[in-house]
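One structure follows; several queries about it will come next.
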Amino acid sequence: LECNKLVPIAHKTCPEGKNLCYKMFMVSTSTVPVKRGCIDVCPKDSALVKYVCCNTDRCN
């Protein structure tokens, strides 16, 4: 699986076991992602951050 990094033109191949792509947003500014990459389990939302996940190449 390949996931985008924070800069959309950059991407990386995910390591074994991390087979979801994610975008992380601050809850207060939920339109601008602050982090992108590979993740193993989703979602991991909290009071401050929100994750949006998907499982196809570079879908984040």
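Glycine is treated like the rest: Cβ placed from N, Cα and C.
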Identify which of CYS38, CYS42 is listed by Swiss-Prot as the disulfide partner of CYS14.
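Here Swiss-Prot pairs CYS14 with CYS38 via a disulfide bond.
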How far is it from CYS3 (disulfide bond) to CYS38 (disulfide bond), counting Cα to Cα, in Å?
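The Cα atom of CYS3 (disulfide bond) is 6 Å away from the Cα atom of CYS38 (disulfide bond).
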Name the one residue among CYS14, CYS42, CYS53 whose Cα is closest in three-dimensional space to that of CYS21 (disulfide bond); these are the disulfide-bonded residues.
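Going through CYS14, CYS42, CYS53 one by one, the Cα closest to that of CYS21 (disulfide bond) is CYS53.
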Highest Cβ count within 10 Å among the disulfide-bonded residues CYS3, CYS14, CYS38: which residue is it?
CYS3
For the disulfide-bonded residues CYS21, CYS59, which Cβ has the most other Cβ atoms within 10 Å, all shown protein chains included?
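Going through CYS21, CYS59 one by one, the largest Cβ count within 10 Å is at CYS21.
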Residues with Cβ closer than 8 Å to the Cβ of CYS42 (disulfide bond), same chain and 6+ apart in sequence?
LEU20, TYR22, TYR51, CYS53
